Structure formats: structure tokens, C-alpha cells
Amino acid sequence: VIEPDCKKYEGKKCPPDIALVCGTNGREYYNECALCVFIRDSTLKADKAIKIKKWGKC
């Protein structure tokens, strides 16, 4: 399990590149930034604890 490096995306738009990540919630995100945006924008406490389960498809 990998901690996403969300600090590097603060105040920036996500890059358009596709580098799939599989979250510990079982959902796929098109890159690490997209996962960080989901974590940031979620109001659910459980979503704040999502990590990267693995790089690539779930």
C-alpha cells in the first residue's frame, strides 16, 4: 500500500496523462492526481484514508 503524494498537486490542475492507479477502496483512477482530487473533495471520513493499492488497473 502506497501513500499518494497529494501535496505536489495542491493548487494545480491534474495532468492529462493516463497512469492508472488502483485505490484501496477498489476504484480505479486515471492517475495519482485524480485520486488526490477525489480524496480532497470527498466529505466522507473513510475516503480521506484511501491509499494506492497498486499502480495500474484494479
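Glycine is no exception: its Cβ is also placed from the backbone N, Cα and C atoms.
Annotation comment: Swiss-Prot describes 1-58 as domain 'Kazal-like', evidence class sequence analysis.
For Cys6-Cys36 (among others), the entry in Swiss-Prot reads disulfide bond, with the evidence type sequence analysis. Sequence-distant contacts (6 or more apart, same chain, Cβ under 8 Å) of Cys6 (disulfide bond) comprise Cys36, Ile39, Arg40.
Reduced to three states, the DSSP call for Cys33 (disulfide bond) is helix. Under 8 Å, Cβ to Cβ, and six or more positions away along its own chain, Cys33 (disulfide bond) finds Tyr9, Lys12, Cys14, Pro15. Positions annotated as disulfide bond by Swiss-Prot: Cys14-Cys33 (among others).
Long-range C-beta contacts of Cys58 (disulfide bond), restricted to its own chain and to partners at least six residues apart, with a cutoff below 8 Å, comprise Cys22, Gly23, Gly26, Arg27, Glu28. Sequence annotations record features per position, and here Swiss-Prot assigns disulfide bond to Cys22-Cys58 (among others).
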Item to complete: Return the residue, from the listed disulfide-bonded residues Cys14, Cys22, Cys36, with the maximum count of other C-beta atoms within 10 angstroms of its C-beta.
Response: Cys36
Worksheet item: Can you give the mean pLDDT for the domain 'Kazal-like' (1-58), rounded to a whole number?
Response: 95
